[in-house]
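These notes concern the structure reproduced below.
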Amino acid sequence: MSGLRNTSEAVAVLASLGLGMVLLMFVATTPPAVEATQSGIYIDNGKDQTIMHRVLSEDDKLDVSYEILEFLGIAERPTHLSSHQLSLRKSAPKFLLDVYHRITAEEGLSDQDEDDDYERGHRSRRSADLEEDEGEQQKNFITDLDKRAIDESDIIMTFLNKRHHNVDELRHEHGRRLWFDVSNVPNDNYLVMAELRIYQNANEGKWLTANREFTITVYAIGTGTLGQHTMEPLSSVNTTGDYVGWLELNVTEGLHEWLVKSKDNHGIYIGAHAVNRPDREVKLDDIGLIHRKVDDEFQPFMIGFFRGPELIKATAHSSHHRSKRSASHPRKRKKSVSPNNVPLLEPMESTRSCQMQTLYIDFKDLGWHDWIIAPEGYGAFYCSGECNFPLNAHMNATNHAIVQTLVHLLEPKKVPKPCCAPTRLGALPVLYHLNDENVNLKKYRNMIVKSCGCH
């Protein structure tokens, strides 16, 4: 198969993914065992060796950067960001990083049981059966309910507690009232679920015993007809005096109301009382509940799980925006052919059967390591090769493809051979900074080829 045909098939894969033609300039088509160390186009020289075909120019990299930003749904790259090492010490980014690692490790393997209290429920739980990935301090960082929500959502956003000029403390006790800025949530996102996470450290409390049970309740703060505060209960969770770890409370109804009417966002209030004394509120500090003045890694935070609109836009739409950008940012290109910009070579290899090849896009080469946290690059892979008779078992051929191959042998001019195409696709999670306060995790479905076959 010729280098030209291999590249054409790679273009077809990229076009089907909505990435556009220009992203081809940023891929490395290498066998899985080979790692590209420089951005450019790599080809097989016919001797099972991968060689550099063309180095990316600065203009190429600029085009690629525009394409990836549009692909991520971001108007422009974030600037003036703190280092990952500093930002990832905070509780909310650490949660998303944990989610990212779980998605990459378990993609395609998470079949969750039904949960009656999943969407917009009023009951929350502690999920004490979760394994302790980072020791006792990070108990229940990712719960079974989270795993279900992760599977159902495309976008996961975290919100750290912030001080708002219109938010006063209630009942003169610091730490009970929290406020989250949700103004960055796009209007076309559908809310699947929202959770509040607060950290309990029994070693900091008064009652270090399992015999003392407490109920933690979270309320949405509203404004009554006379301008007075109202409190609508959202959910509750029971805990004990000796518990150390994260508590999870469902706040879906609260976040939904704030997204519909932003002026109604007056924050939430956290109440606590002994199970046997519901009429008497206890201090949060007495049961070791951590409030907003503690270390970054134990700060309370809110998680929003969303279903976004189609995240990968049509190629035609992408091309339209590229044309507009070209008009507003004209760049002169050299017309002469240089060693780094030559036509694709003629075929140097024999025809190969349908198989998976490596297609790699390196984010780090664009200088985006300061805002894209993970991954460093995009290993998409693509399907390439012929579907010739006989179709072997490793070609994953459908019954129809087998029949079509036989008919092609009889009528080669009337019936084409089956096509080499993906048979299984996986998701690509991307973790990135919006700014110093917000980190997003987007999951792009059907972005990574897992296997190929003849169809």
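Just so it is clear, glycine is given a Cβ too, placed from its N, Cα and C backbone atoms.
The following features are taken from Swiss-Prot:
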type: SIGNAL; residues: 1-36; note: signal peptide
type: REGION; residues: 108-138; note: region 'Disordered'
type: COMPBIAS; residues: 108-118; note: compositional bias 'Acidic residues'
type: CARBOHYD; residues: Asn238; note: N-linked glycosylation site
type: CARBOHYD; residues: Asn250; note: N-linked glycosylation site
type: REGION; residues: 316-345; note: region 'Disordered'
type: COMPBIAS; residues: 318-336; note: compositional bias 'Basic residues'
type: DISULFID; residues: Cys354-Cys420; note: disulfide bond
type: DISULFID; residues: Cys383-Cys452; note: disulfide bond
type: DISULFID; residues: Cys387-Cys454; note: disulfide bond
type: CARBOHYD; residues: Asn396; note: N-linked glycosylation site
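For the disulfide-bonded residues given as Cys354, Cys387, Cys454, the lowest number of other CB atoms within 10 Å of the residue's CB is seen at Cys387. Taking the glycosylation sites Asn250, Asn396 in turn and counting surrounding C-beta atoms within 10 angstroms, the largest count is reached at Asn250. Cys454 (disulfide bond) falls within a strand segment according to DSSP. In terms of C-alpha distance, the listed recorded positions Asn250, Cys354, Cys387 place Cys354 closest to Cys452 (disulfide bond).
Proximity to Cys420 (disulfide bond), judged by a C-alpha distance within 10 Å, picks out Cys383, Cys387, Cys454 from the recorded positions Asn238, Cys383, Cys387, Cys454.
Nearest Cα neighbour of Cys383 (disulfide bond) among the listed recorded positions (Asn238, Asn250, Cys354, Asn396, Cys454): Cys354. DSSP assigns Cys354 (disulfide bond) to coil, not to a helix or a strand.
Taking the C-alpha atom of Asn396 (N-linked glycosylation site) as reference, the shortest distance to any of the recorded positions Asn238, Asn250, Cys354, Cys387, Cys454 belongs to Cys454. For Asn238 (N-linked glycosylation site), the number of other Cβ atoms no farther than 10 Å from its own Cβ, over all displayed protein chains, is 14. In this structure the C-alpha atoms belonging to Cys354 (disulfide bond) and Cys387 (disulfide bond) are separated by 6 Å.
Asn250 (N-linked glycosylation site) and Cys387 (disulfide bond) have their C-alpha atoms 52 Å apart, to the nearest angstrom. In the structure as shown, the Cβ atom of Cys383 (disulfide bond) sits within 10 Å of 24 other Cβ atoms.
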